[in-house]
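J.: Provided herewith is a single structure, encoded as structure tokens, for subsequent inquiry.
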Amino acid sequence: MGKIENNERVILNVGGTRHETYRSTLKTLPGTRLALLASSEPPGDCLTTAGDKLQPSPPPLSPPPRAPPLSPGPGGCFEGGAGNCSSRGGRASDHPGGGREFFFDRHPGVFAYVLNYYRTGKLHCPADVCGPLFEEELAFWGIDETDVEPCCWMTYRQHRDAEEALDIFETPDLIGGDPGDDEDLAAKRLGIEDAAGLGGPDGKSGRWRRLQPRMWALFEDPYSSRAARFIAFASLFFILVSITTFCLETHEAFNIVKNKTEPVINGTSVVLQYEIETDPALTYVEGVCVVWFTFEFLVRIVFSPNKLEFIKNLLNIIDFVAILPFYLEVGLSGLSSKAAKDVLGFLRVVRFVRILRIFKLTRHFVGLRVLGHTLRASTNEFLLLIIFLALGVLIFATMIYYAERVGAQPNDPSASEHTQFKNIPIGFWWAVVTMTTLGYGDMYPQTWSGMLVGALCALAGVLTIAMPVPVIVNNFGMYYSLAMAKQKLPRKRKKHIPPAPQASSPTFCKTELNMACNSTQSDTCLGKDNRLLEHNRSVLSGDDSTGSEPPLSPPERLPIRRSSTRDKNRRGETCFLLTTGDYTCASDGGIRKGYEKSRSLNNIAGLAGNALRLSPVTSPYNSPCPLRRSRSPIPSIL
């Protein structure tokens, strides 16, 4: 092999788009995939070209030595030889123009930005590419996401905010066509952990496990079935009737005044006592509503998959507190003792808790949930708004107090006859009303200096409130659009995964068809480890018939859909190093948060955790410098 020249041109064919650059350019970012590719000598078993048709190079005179089995290194990584082309993630060939051409089956548009990062040292995020795709490409090329320029960081981070919002508004997603799978996934989504054991050996236990998720979804998820929609409409009806009854109880037309005066013998005076009672019709209506709420509450707590979480839920606490006073009031109404009357008076005051039932509508209306999440996500903006208002109120209340004292009479030192602003705390109320542009008119300045302060206060209030409000509105728009998109998300189905080619097939391991041999991401040929590839296909398709391999548990078969779920379910993922140099791999395989494993068939080598065998035809490459890019290891997309 000849000495590598830094000014030698290299042609990178990425997804059919050819990019031409120098080896010195690729070496500007040590530790990345392209830097390792540029630092190594051309392997001997790569394909050469004759015209436009790729042909295998002549076989070596002696068979290459077999490399020992790969052993897991730190963090679950595999270290071993990296002499052949496929282990480097690309397919190389001699180009007639004199340069080396390497083929990578990756996204060509994103690679243009990656290559510009090598040229200019600045990594920008394309605006027309989805964030997870760009993140996946950065992970493949071994580039740290923190290298993204500040001008593009917000654009790059938008997909994670969207994923978090989609997690909040998660709706039922059915991933298969089998009704049994639908029930299992629904049970898993509703909190039933043992979704795979719905039909246990005990008949009674099996019936309970089948009934529990259905009843829970019936009262908790209005979109699970038609019966659930009917229950939701009934609950909505009783909530509105209960709130209407609560409001009508305060109207004079539904109040009955009764004389409760008790005659006293030998008394010198008579004290009249009157008591207001509610119309019995409203009491009966409220009783019917309470019976429904009691039935709903008991059913939900009995069939709840997690009793502790159910009890700690704020809406459930409100529901219980709104139900309990009615039964206590009915039980104590027949008692005439003073203690019972005091308790009844307290319970009548607690009746206002019934108005909080309006928050139960958040279960049935997406808009109310959007509003709640918007308020929660805009906490910083609300805090900033309160600070601005507090500063303005303090400043203008002080200014109006001293401005209105101008022109006070000498015989009126407190200026109580001259102005309504007798002290600064009273000015707080005026400043709040003025800054919020309400203007009740109960207090107003009367001097020219006070009018000037009032005008400045109104202008400052308009500017102060106008600054944080657009951020809150944008949050609401983002949450609402994502919630609507989540609801309209089509029914998911299992992806079609073609079967593995047989050894007798004419297309088995042909280089012209770009099979697993000499592919971009594959480290082994189908003929070398067909059993491993068959197992990987069965893992991706959810098939349990993988020979001697143990079946996967139901949580492992559930699709990875969200960034938070991917972080929780990550268990020592593997990555494959390109050289035998001392390289540090993170425990999570170097895959960053929010990065989902690729579903490509060319990326599944080693998914089962079996030992891979690489057969280099050249001596392993020894890097001149230690490759320790701990923040950005070079993972295979696994």
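Cβ atoms here come from the backbone N, Cα and C positions, even for glycine.
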J.: Scan 131-136, 437-442, 617-622 against Swiss-Prot and say which stretch is down as region 'Selectivity filter'.
T.: 437-442
J.: Test of record reading: of Asn84, Asn259, which one does Swiss-Prot tag as N-linked glycosylation site?
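T.: In Swiss-Prot, Asn259 carries the N-linked glycosylation site label; others show none in the record.
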J.: Considering only the recorded stretches 284-303, 314-334, 346-368, 453-473, state which has the highest number of Cβ pairs under 8 Å to the transmembrane segment (230-250).
T.: 346-368
